[in-house]
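Per TrEMBL, the features are as follows:
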DOMAIN    53-241  domain 'BPL/LPL catalytic'
BINDING   R98, G99, G100, D101, I102, T103, F104, H105, A171, M172, G173, G184, F185, A186  substrate binding site
SITE      K168  site 'Lowers pKa of active site Cys'
ACT_SITE  C202  active site, acyl-thioester intermediate
Amino acid sequence: MTQQVQFEDLGNMPYKQAWDYQESLLKKNLEVKAALRVAADRQQALTTDDSRLTTQHYLLFVEHPPVYTLGKSGDVSNILISEEERIAKGIEYYPTNRGGDITFHGPQQIVGYPIFDLEKFETDIGKYLRKLEDVIILTMADYGLKGDRSPGETGVWLDPDVKGRERKICAMGVRCSRWITMHGFAFNVNTDLAYFNNIIPCGIQNKQVTSLEKELGRKVDFEEAKERVKRNFEKVFDIKL
């Protein structure tokens, strides 16, 4: 059944503010699930108010000011500059509760945060991540580019099987609590790739990072790119935004 998803474009927002907003939406959904569990455990019929209780899906798009974020299993040594250098460059840093290692978020990068209840889709995190990858692969195809997967590495790549030519264009890292997701993906559109020189992106040595702009040799209309990603979300997840 097609799921209704509330879409919000948060524009340019500091990382911590967007993270806090995600947490508030996650909490709201977890409270709904808790209320439904209590009613079920007591084998009580739902009250009129309870019967309207349901989790709500959200898809958030945002651009962040320059920031490095570290996944909960990440290694801080993958940041290659000192704290003083980072601060001098105006780059924030946050250790987070998502999966994955170190990555960069910044202007002209589509950062997407799906807050989905996977119990209404499929309770399989691996399949959820593959679908996120499919969204970006389809979007790249819209631009005439072949996005692909790299075995054992989450995200979307170009030429993952050509040694020395592997280029990552979209990083992913998620958290899931009682099948409610948060965090998500970072898709490089016209992103300043120089920021990635200060880290070992995703903790993966000797592989490049790229963007739509770099691959196409031209600036990409950012709003158009967001619309393409939205449309492909609807296709892949069978949702209505």
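Cβ from N, Cα, C; glycine included.
Remember, predicted model here, so these are calculated numbers, not experimental data.
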Q) Does R98 (substrate binding site) have same-chain partners at least 6 apart in sequence with Cβ under 8 Å from its own Cβ, and which are they? A) T69, G71, K72, G173, V174, R175, M182, H183
Q.
Using a 10 Å radius around its CB, how many other CB atoms surround F104 (substrate binding site)?
A. 25
Q) According to DSSP, which kind of secondary structure is I102 (substrate binding site) found in, if we only use helix, strand and coil? A) strand
Q) Same-chain residues six or more away whose CB lies under 8 A from the CB of I102 (substrate binding site)? A) Y68, T69, L70, G71, G74, D75, V76, N78, I79, I199, I200, P201, C202, G203
Q. Could you give the Cα-Cα distance between K168 (site 'Lowers pKa of active site Cys') and F185 (substrate binding site), in whole Å?
A. 12
**Q.** Around the Cβ of K168 (site 'Lowers pKa of active site Cys'), the count of other Cβ atoms that are within 10 Å
**A.** 22
Q.
Can you tell me how many other Cβ atoms are located within 10 Å of the Cβ belonging to A171 (substrate binding site)?
A. 29
Q: Please work out which residue of G100, G173 has the most C-beta neighbours within 10 angstroms of its C-beta, and give that one of the binding-site residues.
A: G173
